[in-house]
Amino acid sequence: MYGKIIFVLLLSAIVSISASSTTEVAMHTSTSSVTKSYISSETSDKHKWDTYPATPRAHEVSEIYVTTVYPPEEENGEGVQLVHRFSEPEITLIIFGVMAGVIGTILLIYYSIRRLIKKSPSDVKPLPSPDTDVPLSSVEIENPETSDQ
């Protein structure tokens, strides 16, 4: 049962990491979600309020301003390589650092779950051995109190 819990925790960590990395891309590509009836054109009349509804309705979509930046292209159609702030070894160290952090977090969660599951020595009572309660002699001795009566 605990193996399933650990599996679900690891799976949820992977899903949350992949979801956080794809939300930024989704924000830049969702320009077509605004309906045409809701987009207002810029006019010089500052008192024109009929392009914006007073209360939003369920079928209308709020405006989203998205700026998409494309890398510059050369005249022959090939893209120009972007210049990064970090060198290749620094980028490699950053990637390995993030990977080590994620793996370390997963192992820390696993270790803490194992510590919670494992019983402490004070909670575990040793099983009594059968020889400790019985005297070592094979001869039975009667209790003198019961025999005198």
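Count begins at 1; order follows the chain as displayed.
Any Cβ shown, glycine's included, is placed from N, Cα and C.
Per Swiss-Prot, the feature signal peptide maps to 1-19. Outside the signal peptide (1-19) by six or more residues, the chain places 102, 105-106, 109-110, 113, 117 with a CB less than 8 A from a CB of the stretch.
If you look up Swiss-Prot, you'll see 20-90 marked as topological domain 'Extracellular', on the strength of similarity to another entry.
Marked as O-linked glycosylation site by Swiss-Prot on the basis of similarity to another entry: Thr23 (among others).
As annotated by Swiss-Prot, O-linked glycosylation site applies to Thr29 (among others), with the evidence given as similarity to another entry.
Annotation source Swiss-Prot lists O-linked glycosylation site at Ser30 (among others), citing similarity to another entry.
The O-linked glycosylation site feature in Swiss-Prot is assigned to Thr31 (among others).
According to Swiss-Prot, the feature O-linked glycosylation site maps to Ser32 (among others).
If you look up Swiss-Prot, you'll see Ser37 (among others) marked as O-linked glycosylation site.
Look at Swiss-Prot and you will find Ser40 (among others) tagged as O-linked glycosylation site.
Annotated O-linked glycosylation site per Swiss-Prot: Thr43 (among others), in sequence order.
If you look up Swiss-Prot, you'll see Thr51 (among others) marked as O-linked glycosylation site, on the strength of similarity to another entry.
Under the heading O-linked glycosylation site, Swiss-Prot lists Thr55 (among others), citing similarity to another entry as support.
Taken from Swiss-Prot, the feature O-linked glycosylation site applies to Ser62 (among others), supported by similarity to another entry.
The DSSP secondary structure for Thr68 (O-linked glycosylation site) is coil. Annotated O-linked glycosylation site per Swiss-Prot: Thr68 (among others), in sequence order, evidence recorded as similarity to another entry.
Sequence-remote contacts of a segment are chain residues at least 6 beyond its ends whose Cβ falls under 8 Å from one of its Cβ atoms, and for the transmembrane segment (91-113) they are 2, 5-6, 9-10, 13, 17, 84. Marked as transmembrane segment by Swiss-Prot: 91-113.
The feature topological domain 'Cytoplasmic' is assigned by Swiss-Prot to 114-149.
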